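*Asks:* I'd like to ask some things about the structure below.
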Amino acid sequence: MTDTPSKQSVYSEETIEQSFDDDEASITPSEEDTGVPTETVSPLGYHVDWTSVIFLNVSRTIGIGVFTTPGTILKGVGSVGLSLIYWVIGFLFSAASLAIYLEYLSYYPKRSGADIAYLEKAYPRPRLFVPALYAFTFVFLSISSSSAIVFAEYIFAALGQEASTWNVRGLAVGMSTFVTLVCMANTKWSLRLSNWIGMIKVATLVFIAVLGLIVLAGGIDRVENPGANFRNAFSGTSTNLNGLANALLKIRFAYVGYENAFSVANEVKNPVPTLKKFAPLSLGIVFILYFMANVAYFATVPKELIKESHELTASLFFEAIFPNREAVVALQVLVALSSLGSVFASTISASRVVRECGRQGLLPYPRLWASTKPFGTPLAPYALRWFISCVIIILPPPGDAFNFIVDLQYYPTAVWALLLTVGLYRIRERRHKAHAPSSAFRVWDSVAAFALAINIGIMILPWVPPEGGIYEGDVSFFYATYCIVGVVIILLAAFLYWIWFSYLPKRGQYRIRQVVDKLSDGAQALRTVRVPLHALAEWDATHDVHGQLISPNTTSPEDYHD
């Protein structure tokens with residue numbers, strides 16, 4: 001399946017784009033010969049300012065992990081010293097990965113969707129193959145069900161009421177519905193709510209950090225022997241490879257969200273300078289808060305209690321300092337709010353990713369997904385994400401089955417992170433061969449190599465067997481089942497792509513081409529059409545790569561079937 005792009009059409013689409021952003025590096029025809037047209041003026045508006053950039057990242061990253069996972073991390077690594085080092089390693093890896101995103105942004109500042117847009121550019125051949133795999137896994141696996149469930153559980157705990165399965169599910173669905181409706185109705189107000197909740201999260205962790213410093217200074221009499229955990233900090237360090245590997249993976253996913261604002265890049269007026277400045281700032285804020293919160297926990301709660309705390313680390317901290325139940329209730333409300341903020345931030349960004357999947361022609365009825373009518377928001381992407389999240393909340397039984405479905409997204413996410421890092425080298429090579437000018441941001445080669453090495457490690461680590469045997473993992477069945485199923489899902493997506501792009505066209509004696517649909521709200525999307533083999537040569541000679549006519553009096557795209 002070979003397209004014959006028109007140099008004139010590529011220059012006219014993409015060179016015009018340069019005048020809208022001085023920070024964008026020049027784009028050559030060889031790079032832009034495929035892909036959905038850039039929306040040089042965002043049909044979603046420009047509501048994302050520097051504050052929203054910070055808190056979209058902060059709110060998405062700080063979910064419930066910093067309140068619940070320190071005990072799991074400590075149990076995996078064995079010592080307080082190595083536990084703190086792990087949080088530093090997580091920050092360094094996230095910073096390296098963030099630099100990868102910033103270089104992609106410098107090439108494509110007018111593209112929202114982050115991963116799906118960058119993968120489309122990094123892997124243009126086979127056409128739409130890698131983006132199709134990503135779209136399939138993202139649409140069905142990237143959900144906020146677990147955060148909604150945690151929100152409901154902590155609300156019931158704060159109210160002192162029974163948290164039965166269906167009570168929790170009902171409240172979780174209600175919260176997801178509320179968030180979705182707010183986001184559907186108004187982008188500006190959904191961002192404001194996300195920002196406000198993000199500020200509450202930051203204030204909560206600052207409060208915890210200050211309490212920890214007061215404890216270390218001996219200012220709280222209830223805490224006996226403060227700072228004892230920091231003496232012989234590396235005592236008890238584990239040699240269990242599976243425990244160390246799982247702890248590193250949990251640290252990795254505790255920082256997920258540092259790239260969240262890249263999904264709305266085209267809604268930022270000056271995306272390159274804004275994200276270049278405030279995306280690293282948001283990650284720095286998260287790291288300082290994470291590190292100081294862990295210092296506070298270790299200063300206050302005995303090491304052995306933290307190891308056995310499971311998901312109650314922050315609760316143990318508050319109980320050690322405040323004797324009354326009101327303090328614990330306040331913590332429970334704050335954790336619930338943290339979950340709510342995470343759902344807001346992830347819902348906003350995920351809707352843009354789904355919209356980009358639709359714009360690329362990877363979902364049926366691309367006009368539906370690209371449209372921003374009537375409220376200036378992507379209604380269909382919001383509705384799809386809400387529906388799938390609610391299904392996952394309601395259908396799986398609690399326990400291993402639910403946790404397994406939630407964990408399914410982790411391994412494909414690691415695959416895409418690796419492909420993005422490798423893809424950056426591919427883009428650099430193409431730009432070098434085309435003698436393209438340097439971009440506004442370039443990752444140091446050493447940093448890119450570090451990100452690549454860590455991504456490869458994250459692909460390998462989940463396969464390390466537990467010390468007690470293959471059935472001694474986090475679930476009651478085979479420990480690496482979620483990895484295997486994640487790979488199978490990607491292979492299934494590849495099979496469906498082969499059916500769509502190869503088997504059916506050969507059987508039906510046609511080839512797939514794409515045409516641009518331009519909507520009245522300024523949105524643009526690619527729609528696939530089937531061109532019969534007998535008309536293929538004429539089509540390729542008279543249309544550019546986006547299916548637009550390049551010579552008069554020829555057959556229009558509407559004469560072919562979707």
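Positions of Cβ are set from backbone N, Cα and C atoms, glycine also.
All annotation found in TrEMBL is predicted automatically rather than curated by experts.
Pulled these from TrEMBL:
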COMPBIAS  1-12  compositional bias 'Polar residues'
COMPBIAS  14-34  compositional bias 'Acidic residues'
REGION    1-38  region 'Disordered'
TRANSMEM  84-107  transmembrane segment
TRANSMEM  128-156  transmembrane segment
TRANSMEM  168-187  transmembrane segment
TRANSMEM  199-220  transmembrane segment
TRANSMEM  278-299  transmembrane segment
TRANSMEM  329-354  transmembrane segment
TRANSMEM  375-396  transmembrane segment
TRANSMEM  408-427  transmembrane segment
TRANSMEM  447-465  transmembrane segment
TRANSMEM  477-501  transmembrane segment
*Asks:* When only pairs 6 or more apart in sequence are counted, do the transmembrane segment (375-396) and the transmembrane segment (128-156) reach 3 or more Cβ pairs under 8 Å?
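*Replies:* They do touch: at least three Cβ pairs between the two stretches lie under 8 Å.
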*Asks:* Considering only Cβ pairs within less than 8 angstroms, which of the stretches 128-156, 199-220, 329-354, 447-465 has the most against the transmembrane segment (477-501)?
*Replies:* 128-156
*Asks:* Can you work out whether the transmembrane segment (128-156) touches the transmembrane segment (329-354), with the criterion being 3+ CB pairs under 8 Å where the paired residues are 6 or more apart along the chain?
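*Replies:* They do touch: at least three Cβ pairs between the two stretches lie under 8 Å.
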